[in-house]
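Trainee: Found this in TrEMBL, in case it helps:
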REGION    1-37  region 'Disordered'
COMPBIAS  16-34  compositional bias 'Low complexity'
TRANSMEM  54-80  transmembrane segment
DOMAIN    60-194  domain 'EamA'
TRANSMEM  92-112  transmembrane segment
TRANSMEM  124-144  transmembrane segment
TRANSMEM  150-171  transmembrane segment
TRANSMEM  180-199  transmembrane segment
DOMAIN    209-341  domain 'EamA'
TRANSMEM  211-227  transmembrane segment
TRANSMEM  239-259  transmembrane segment
TRANSMEM  271-289  transmembrane segment
TRANSMEM  301-320  transmembrane segment
TRANSMEM  326-342  transmembrane segment
Amino acid sequence: MPGSTRSARRPGCAASRRWPTSGSGSRSSASRPADMTVQSENIRLPGRMWGRRLWSVAPLLLALANLFWAGNFIIGRAVADMPGGLDPWGLAYWRWLVAFVLIFPFCVRQALRELPVILANLPMLCLFGLLSVTLYNTLIYLGLEQTTALNALLLQSTMPLAIMAMGYLLFRDTISSRQGIGLASSLAGVLVILTHGSLDRLSSVDLGSGSLYVLVAVLGNACYFALLRKRPRLSAMSFLFVIFGLGLVFLTPCYFLWSRPMARPVAAGDVALILYLAVCASILALLFFNRGVELIGANRASPYLHLMPVIGSVLSIVILGEQIRAYHLVGIAMVGFGLWLSRPRRPRATAQSSP
């Protein structure tokens, strides 16, 4: 009939669009959101008009994600200063257990439908869970027992360069001479922070020191990001559900073996901190960041990762009263110079004649 519309969705419409993962029409690994993190496919923020507007503003979503992740470092350091409270193993265990319980009712049906894919890729999924859930935050919390949040955040700022290095080591990704100089500059900046600016301390750096725990955590998480190109073809929420669960499988025996019992009753503040880590730093931060990647693409979203050490450093000074030292500034400058050298270059626009 004239004026009628078809009810079927067209293949190219936004509601049915999917990123290709294989075949000649697939996007390059540098531009696919899955190479940076998992997509939040079909996730819609329920609620009123303000919620729907928030869900469409990429810069705000990405900034909030980094704010929540920065808060993770502040809480990790604050808990370390609380006598008789949660230890790093307990903090990591309860964070991920609560997060897993919260997403369980929303993900379990889809995960069961995709069970054959999960079982076929179980070793790789176990590695993802081990690197991201079991090791990364646990090592961060262990490090924060012995070093400042400011130190940890500055070391965390090398994550983009660590991902680049892991891509080269695991997949022989090309690193230009400019990026190589950037990596060297950032490594020198890390050494400045680790040694407090004194080369005499280089030979006496304790392998169990907090800063080295953080550095190992960064390298492990960089390996996770580099391996995301091998992510099985699971829906976004099923992938998160599976790696949360598998990470807990590895984390649970560590918790019962090495966690110290609390020397005081559980307080309301302890519960509030765990809820923040589970809801904000684990679930919302991932959803917000993944949505930001969907809206503007991985290449444009990746620079927002640099907000986390900036926001976290300000919070550590304001909330925790930590002091910035001269060697911090030198290390920041060297890491920042390395990041600037390693940034992706925009392709040159070809000249076109006016119509």
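Placed from the backbone N, Cα and C atoms, the Cβ positions cover glycine too.
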Trainee: Could you tell me what the rest of the chain brings near the transmembrane segment (301-320), counting residues at least six beyond its ends with Cβ under 8 Å?
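Mentor: Sequence-distant neighbours of the transmembrane segment (301-320): 36, 58-59, 62-63, 65-67, 69-71, 73-74, 77-78, 148-150, 153-154, 156-157, 159-160, 289, 292-293, 339, 343.
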Trainee: Do we see three or more Cβ pairs under 8 Å linking the transmembrane segment (54-80) and the transmembrane segment (180-199), pairs being at least 6 apart in sequence?
Mentor: no
Trainee: Hey, would you say the transmembrane segment (124-144) packs against the transmembrane segment (180-199), going by three or more CB pairs under 8 A that are 6+ residues apart?
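Mentor: No, the transmembrane segment (124-144) does not contact the transmembrane segment (180-199).
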Trainee: Summarise the model confidence on the domain 'EamA' (60-194) as a single mean pLDDT, whole number.
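Mentor: Over the domain 'EamA' (60-194), the predicted model scores a mean pLDDT of 91.
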